[in-house]
Amino acid sequence: MRDVVALVLVTVAFLTLPLVIGQAEHKVMAHMQGRLGPMYAGGFHGWAQLIADGVKFAQKEDTVPARADRRVFLLAPGVALVPYLVVLAVVPVGPGQVAVDLSLGLFFALAVMGIGVIGSIMAGWASANKYSLLGGMRVAAQLVSYELPMVLAAASFAMAAGTLSLSGIVEEWRWYWLFWQAGAAAVFFVAGLAELRRPPFDMPVADSEVIFGPYTEYGGLRFAFFLLAEYAGILVLCSLTTVLYLGGWKGPFLPDVVWTLIKIFALAFVVIWVRVSFPRMREDQLQRLAWVWLVPISLAQLALTGVVKVVLA
Amino acid sequence: MSGRRAGLGLAKGLAVTLRTMMKRSVTRQYPDVSPDLAPRSRGVIALFEENCTVCMLCARECPDWCIYIDSHKETLPAEGSARPRARNTLDRFAIDYALCMYCGICVEVCPFDALFWSPEFEYAAYDIAELTHERERLREWMWTVPPPPAHEPNADPPKELR
């Protein structure tokens, strides 16, 4: 019974929190650019904008290109979206408050998050369109480059905590991680952004070069799924960063869940902030950042974590 | 070295966007709040038809040929004169705003002050044919023309008054 309630709660969070992040993106982005953002839908400051968008997407025609690999094409949005729901199930929001408490939680989360990227590669391949294919290949290249530093950075947290369980990592978290693990945190967050293809790492969907990359042929609800997957991905990345590096639910005065949400939304704000502030990176700059900066930093962090653990032991 | 500079640039970029976010947006909420336009803004061309003598200068100078004028001659008996007086009477004056490029040459060229710039700008239509506006509409816009700017305090008095 408890499991069912927990899974329902996770599903509700999965369906609402990405919308909140999306709405925040509308407003924060607008104000950072000296605009107002959508103001009309639903009354107060256009709160219903994303719901209206959803209704609009649902009304649109669902087309599949004649030469497309039909089954893969139809499956791709689901493959992009569902993994993030699965990851949310293993993210703890309080002591013992997790839908599925896996002892290999971190390993599981990283493995499943990687599947989301496959959805975009599938979309790029199945669309039978050279721009989509080019976008899909860029997604693949990005996945190859950024998965490694992300996993290495996560390994550093796991080593510091001495466990792969996400709840266990939060239990072991101490305030001095903020300094000691800062390198790993930066690498994890940046690599996560790249994996979500968020600006400035949105090379695959560069609309001025490859139209919209892997999503060019998608319309209506399937396109909405890809958009939702992006926001769900932000939610998952921010909650994982919170759990690994910011001490999850730990904090004074307020209830556990509230602290988790505060930290998640603060990080989501950073994600939006970074998007507004920086221009898109070139393909070679993107690869250079991964291999020349992120991988060495995460390896150095791993070495530092190991040395400190041995010295303290 | 270049890495440190790049980091500084990134931080500056973040600072700029954060500062902009803290400021109030100055966007006008246009459909709710009407904009206060400058008196000389060019919205639409208005016609004061009492001043029009059907000289056709505007229609002839118009680069887009978007002004349509029809007229007929009326004769009035004039006392103490051998011939009756002839006068042009306007039948139609229309401007096709689908063609108009708002150059204002017609306003410049009108010798009798019959054409004016009005700041009115909300006249969108669903059909391109509806953008040809007849004299009644052009006359309505006349009442939105702002008064001309006052003379400079130390300028010569207008020639008509001398």
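Easy rule for this one: first residue shown is 1, then count along the chain.
In case you wondered, yes, glycine gets a Cβ from its N, Cα and C as well.
Note: TrEMBL annotation is automatic and uncurated.
Annotated features, as they stand in TrEMBL:
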BINDING   B:CYS52, B:CYS55, B:CYS58, B:CYS110  [4Fe-4S] cluster 1 binding site
BINDING   B:CYS62, B:CYS100, B:CYS103, B:CYS106  [4Fe-4S] cluster 2 binding site
DOMAIN    B:43-72  domain '4Fe-4S ferredoxin-type'
DOMAIN    B:91-120  domain '4Fe-4S ferredoxin-type'
Overall pLDDT of the domain '4Fe-4S ferredoxin-type' (B:91-120), taken as the mean
91
Smallest Cα-Cα separation from B:CYS58 ([4Fe-4S] cluster 1 binding site) among the binding-site residues B:CYS100, B:CYS103, B:CYS106 is shown by B:CYS106
Under an 8 Å Cβ to Cβ limit, what residues of the same chain, 6 or more beyond the ends of the domain '4Fe-4S ferredoxin-type' (B:43-72), are close to it?
37, 88-101, 103-107, 109-121, 123, 132, 135, 138-139, 141-142, 144-145
If the [4Fe-4S] cluster 2 site is taken as the center of the Cβ atoms of B:CYS62, B:CYS100, B:CYS103, B:CYS106, which further residues of that chain fall within 8 Å of it by their Cβ?
B:ILE45, B:CYS58, B:GLU61, B:PRO63, B:ASP64, B:CYS66, B:ILE67, B:ILE95, B:MET101, B:TYR102, B:GLY104, B:ILE105
Cβ neighbours of B:CYS106 ([4Fe-4S] cluster 2 binding site) where a neighbour is any other Cβ within 10 Å:
22
Using Cα coordinates, what distance in whole Å links B:CYS55 ([4Fe-4S] cluster 1 binding site) and B:CYS62 ([4Fe-4S] cluster 2 binding site)?
13
With DSSP as the reference, give the number of residues of the domain '4Fe-4S ferredoxin-type' (B:91-120) in helix, strand and coil.
5 helix, 10 strand, 15 coil
Let me know the DSSP-derived helix, strand or coil state of B:CYS55 ([4Fe-4S] cluster 1 binding site), please.
coil
Using C-alpha atoms only, work out the spacing between B:CYS106 ([4Fe-4S] cluster 2 binding site) and B:CYS52 ([4Fe-4S] cluster 1 binding site) and round it to an integer in Å.
12
